[in-house]
Structure formats: structure tokens, C-alpha cells
């Protein structure tokens, strides 16, 4: 029995630490995503010259709100599922789901980053002037929401690495072709 414990790919001492880090990161994602949603949805500014600007006027912000909602919901479900005995052994499920969430967070963050770039710099080639001088408070709140979204993304990137470690540590390391040839020869 002791030989089995010694040859296990993941030592039992790492599991509680890894599980604690995993759960902590998932729990951190929830308030970060909720704060991102709240900052974005309540963001609006009225300008006497150009009119009212709301988050719903910009598709990239709506996309970020949707992805933030999905990430908060997924993080909550994943925290609960990580303590359910029958789902704990589903390392592939967490691996694939964490990868998907990380990619979705990257795409939504990139969409908002593009909006902010155009809002701050404009695009003279297509006659778009910068807008943040007229809507400074709106741009500042979007910046803050994007920063919170980026922190949630960092949590998912670490979670993706942890779940990849869990999945791939279940398998033996690859054998080099020389070792295979030597084994066949003997």
C-alpha cells in the first residue's frame, strides 16, 4: 500500500494546497466579475453636445458583461462541484471548462481594450475623433472595469494551469524512442 502512495503522480500533500488555491481563485473570480458587471452596467454619462453614452451603446461592453456573468456563474458552480465527490475525479471537465473561460475572458477583454483605444486615440483615417475628452468619467469607469476583468482573467489563467497539471499528472511521462528500442531489444 505504501508503494502505491509513493508512486502516485500527485502526492497527497499537494492536493489540499492545490485544492485550496483552486477554490480561492474561483472564489476571487466571483466578486471581480460582479464588480465588473456593476461598473459597466451602471456606467453612463450625458454630454450636452454629443448626448448620452451608455454601456448598451457599445457591443464590446455588452459582450464583456455577458462573459463576466458567465464567468461568475461558472466559478460558483465549479467551487461547489470541486467539493462534490463524484465530480472531483472529472479533471478533464475542469480542464476544458477552465480553458474555455480563459479564452472567453481574453476575447471580451480585447474587445473592450479596442473600444478604449479608439475612445482615447480615435482613428483619423476613418474620421473618428477621440471621445474620452468629452466622456472622461465614462472612460475612467470602463478602465476600472477592464482592470477588474483582467484580474479575473489572471485567476482563470492560473486555474487553467492548475487544471492542466491535474489532468496531465494522471498520465505517465512520454518515453523516448531510444528507451522503446532498448526495451524491444532486451
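Every residue gets a Cβ built from N, Cα and C, even glycine.
Note that this is a predicted model, so its numbers are computed, not measured.
Per Swiss-Prot, these features apply:
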type     : residues : note
TOPO_DOM : 1-20     : topological domain 'Cytoplasmic'
TRANSMEM : 21-41    : transmembrane segment
TOPO_DOM : 42-63    : topological domain 'Extracellular'
CARBOHYD : 57       : N-linked glycosylation site
TRANSMEM : 64-84    : transmembrane segment
TOPO_DOM : 85-99    : topological domain 'Cytoplasmic'
TRANSMEM : 100-120  : transmembrane segment
TOPO_DOM : 121-143  : topological domain 'Extracellular'
TRANSMEM : 144-164  : transmembrane segment
TOPO_DOM : 165-186  : topological domain 'Cytoplasmic'
Checklist entry - Going by DSSP, how much of the topological domain 'Cytoplasmic' (85-99) is helix, how much is strand and how much is coil, in residues? => result 13 helix, 0 strand, 2 coil
Checklist entry - So for residue 57 (N-linked glycosylation site), how many other CB atoms are inside 10 Å of its CB? => result 11
Checklist entry - Using DSSP, how many residues in the topological domain 'Cytoplasmic' (165-186) fall into helix, strand and coil? => result 13 helix, 0 strand, 9 coil
Item to check | Close approaches to the topological domain 'Extracellular' (42-63) from elsewhere in its chain (Cβ under 8 angstroms; 6 or more beyond its ends) | outcome: 107-108, 111-112, 114-115, 131, 134-135, 137-138, 141-142, 145
